[in-house]
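Novice: Once you've had a glance at the structure underneath, I'll fire off some questions.
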């Protein structure tokens, strides 16, 4: 049969193959009518429409039968022979097409042309434009069906039967082999690996994927699609636009599959490979999997940054592409194999109906973190720690707050993105969805100081100094449920923190005073009281300190000791700084402006000023401010009885905010004067006795 086909040469004129001519007549009339009858390009046109709506089943079968033989004897491809004859002679040192000998085995000429097809100008000895187009055409055809790739079918026959016997639909066999890459026999793995590496450079070889992605390419990627040399740009563009509303399901699945295949070997990401191959050889030798290479290079970059190295070990072009890879990996949990493997059972149990992509599975795991298995919980904690140090890697935050980042933080460094958003959170033009997402991240940060890099840096000396007992009980990769932050809050009230740490804790107290959810200890210990005493306030859409105020007002009704302690701590904090008591601060804003404007905030100074104004009958405070201050005085009096002063500063603050302040100060003054007089008298008596002894 092969001899007959060689003799008749239907590749030169398809009409010689009567069965093909009859079966494909309707397709030729509709899809290839612009090509002259009998032209060899008719076959190429038919192959371009293989597996499309215009193709009929009978023509498809006849066409594949013929292509099976043409793919195994390139002398039968007239167009390829004509366009590449000069290149074959110049680059592959042959004058006869597809010569067969010990030195020139079957198919060697095409293999040679294929090797030269993707060379850059710097590498030299490139194919002519016409020949390169023909080589790409053949590669496109081979990618459609494994039967059209003789080497692939020969080397992978056993693996196709073992792993892919049920994958009978178009294009599924190659995808199946890529999915089982690590399980394939050595020869087949090399062939599939080389083909995947080629696809990473020129994804247009994947004709079926290109058809599925045509709308998105025309809308978002037409500029890179028109480039003669792809160099991985088109796939990068498709990945970046994977979640556009124009994206169809087939294209999205194809792009995601290619991303997952890329994780098996860093060579499958062409741009990453070209940018970082020298760095990988130098810094990460013997590492093959892409995710491991990314971790290796990222760790090196981070260490160089932390140590303020004069010169980065990872080159600039590699660092730029490494950033692209890191950001792409955050979009789908399956692109982070360690996290995915650790959380597989949890995903099945808690996030079964949540779709992959857009980091939705990762967000689902974060929201039910306390219910996760230990291993998954630890991995999620480490992920959050990384995201808080570098918020640009937080895919959901970046997606939800994209427009707000453009508005408020266009010049902000990626490391300070969340900090910038937090500072603008209460702006009138802040998007509600973004504001909600910022609050979520603040709640997460307040569960553990390690998730707040700014606080961690500002309080690096204070934390071990005041909270070492908590650190001793802590476990790696599990939250401290706000214990360290609560410890620092108490020291803030006692005015014992360093200035930088005090500033950060003040901000945290101010924020949590407006929203009880930002105080993990309060939420943990007062959950029942909030449900029973403050349900209406907790249900409010906008939290402005109503829950905290409700708990303070109902302090006498609180039965749980731990909850009572948390509310008393809140009262103690408000003594130290009126800014951390939003209800009181709002009520007394005008009075502070009129009577205490010259007094700097912090360390209880403005609170003492208001107390003095309250005692001074010549000063008239706003009715609401006066009422709130009297309420606070009653609360502080009760707090002083229930929780006595723990130190001199606490005692001094209680005295200054006491309604009997003047009486107490008078008593203390009289006591000091009496002691002074007694001391003076004792001094004179001892002096007289000494003189009498001398006179003797």
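Every residue gets a Cβ built from N, Cα and C, even glycine.
Curation does not apply to TrEMBL; its annotations are automatic.
The repeat 'Cys-rich GLG1' feature in TrEMBL is assigned to 54-121, 126-185, 246-305, 313-373, 429-496, 558-618. Annotation comment: TrEMBL describes 663-686 as transmembrane segment.
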Novice: Please give the average pLDDT for the repeat 'Cys-rich GLG1' (126-185) in this predicted model.
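Specialist: Looking only at the repeat 'Cys-rich GLG1' (126-185), pLDDT averages out to 84.
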Novice: Summarise the repeat 'Cys-rich GLG1' (246-305) by DSSP state, stating how many residues are helix, strand and coil.
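Specialist: Counting residues by DSSP class gives 47 helix, 0 strand, 13 coil.
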Novice: Reported in the order helix, strand, coil, what are the DSSP residue counts of the repeat 'Cys-rich GLG1' (558-618)?
Specialist: 43 helix, 0 strand, 18 coil
